[in-house]
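Copied over from Swiss-Prot, here are the features:
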REPEAT    66-103  repeat 'HEAT 1'
REPEAT    288-325  repeat 'HEAT 2'
REPEAT    327-359  repeat 'HEAT 3'
REPEAT    360-397  repeat 'HEAT 4'
REPEAT    472-509  repeat 'HEAT 5'
REGION    592-613  region 'Disordered'
């Protein structure tokens, strides 16, 4: 029997709730299933048993083949019953049991009979079940019935056939594709649900044919879709067509944009919201295109229905990330939502306001946030904290009030992710705003006095060791750090010892005090703490052994000469023996990431994130990789890493691509190599680079790849020196050289002797755009006016004849390698003039803004007026030189 499940409630402590599934066991239910074999079927009792079986299956309970077969055969006997409710339960259990092909035959005749029944409910459910359990052979036998069902007058039957088609398309696409004519008729149905399912199926059938999808969208946008659900689907497909056309180089006015805009005037709210969302998510959407969508969303902000308010404010929140100025007109409406009873709406409203508000509204917003922070879940609090971090970077003069708010909520209750978000925000503020350093560090010190998370304590201690010694009074942090040695677990104590040592080395006046504290630590109960204390005392000279400053600095602050991931792997593989572990045996090359990892979407960087296990393919990953190689350590800070450039054709014996790493006076070519031949091992893999067409470059060094086994990517490097700060360009010829050794497939061992060989790669170019990092600005006009007008340089250029204005704009964008702003990369159809706004950071970390005005005459000759402003006038002149020579 079901057991009572007591549920506590603040207002009704005496209420009881009963769960009908409490205490259900598979064995007992299988015994009950014998009721299916009774001569006189009890529909109510049988339905209860089937419900229990469905519950067990959905809870992940596994049935053996014998158990499933027995239940299946017993259930088939229930087709004798005429009870409608029981018949529906029979359909469900057959679908869930998924009988094998030899068992399906037994139930097929019953289902076929139901599929041709006069009862529409039987027909619809029989179609759904049959399509779930049959294979391709049986499908061809019932295909005629399914086609008839698609165009059936009863919408329930028609929808069942269409939804079944969606499932069958995954396993039998060739058969389903033959139903296009019937599905096309379904789109003309007067039933909203049938039209919705028909459109979904027809799109799935044609999804791999870009032209067919475009034609489908074009035919339906003329007004033949009446179902709001189908209209929402059509809006999504239209957005995809617009994106595809943009990706394939079509410039000018967006196709189908007028359709999206017309949907904003639809009578169904779901269609209006879908259209508004689609417009806001268009690539490179302009302010003009956004305006009608923003206007509609603003009206929904004052809707009495919470779901509409939530949908509108969530969409506006996303828009505010890329086009904050477009959302400012909604600020008054969103301020009224801060006190909304729905905390999700209030959270989205406040975070949107934080992104769009001005400096004068910060104080008022912070007071309003304080009032509701305790009422929302941690996941929403994290969103608020992230918005505050962005706001502080945007308005650095307001750091005091924002830092105070963060420190207050840091002392409140909360989970690990929430606390980490706050700590990361404070760290970001400290790094970006020098004036905030001391107050921020003190807030972090107070937090670790009562921090329950070991990870956060160790990360904060590490950060204190880096930033604390450089403050005006480093001694005030010593008490907080040393308290951790007495009051925390071994991991935190070890981190505190390391932090103390850094203070002792960096601040000469503190060295005697630090030495005394470290001597106390050598009696700690944990061997890691004792070992660290002993080691640091030796480094600091506490035992009479004084290393040089350089050696001490390298030890305390330097990085290992080998990648951490390789060190970790080598230590795991090390087997204790009389021979000590040799760090020189750790390989210095880092394997390239698999393609799937490279494509994965990364999370945004945080202030105190743990280092990843392997270098990422992004800028930070490249920077870590290069800094781990001793030969490159003296090149300074990495300025830019390019996207990989393929140097081989697809499906060749060896796959090679190159990444260009730009330093102030060096360029490092990172050749990512993959051996695709299982029977070969490549050794001494190197790239010979001919720089005869790159006169300003001179080769400095190269780093070969010792071994390249099958399907195990590796990296070779070649370094060139160039004039410091100069955007030198040139073409490089590349030849891959290596020693080939045959591999025995049975043993996997390579032969001792190899043959030297080489493989010609494609040429590589270093262009002017490699010296520019794309960095956008949220408000181009303000950024432009903030730069000194005296550093402006203007000139005019003739770009010759072009097919279109868009071609000329793209050529200039590619040449300069800058980020387009405010959607100016989109050019109206048949436009004769256009202004493109560009921003970026030039080598040497110099901010650059460009206003390029294009004009085209009747003969398609294009002229350009280029206005450049930069923090350094010489950079503005360099941009003009690039254009003049390009």
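Cβ from N, Cα, C; glycine included.
Note on the repeat 'HEAT 5' (472-509): residues 438, 441-442, 445-446, 448-449, 454, 457-458, 461-462, 464-466, 515, 517-518, 520-521, 524-526, 528-529, 532-533, 536, 539-540, 552-553, 556-557 of its chain, located 6 or more positions outside it, place their CB under 8 angstroms from a CB of the stretch.
Away from its own ends, the repeat 'HEAT 2' (288-325) comes close to residues 254, 257, 261, 264, 269, 272-273, 275-277, 279-282, 333-334, 336-337, 340, 342, 344-345, 348-349, 351-352, 355-356, 778-779, 823 of its chain (Cβ-Cβ under 8 Å, at least six residues beyond either end).
Within the model, the repeat 'HEAT 2' (288-325) carries an average pLDDT of 90.
Across the repeat 'HEAT 5' (472-509), DSSP classifies residues as 33 helix, 0 strand, 5 coil. With helix defined as DSSP H, G or I and strand as E or B, the repeat 'HEAT 2' (288-325) counts 32 helix, 0 strand, 6 coil.
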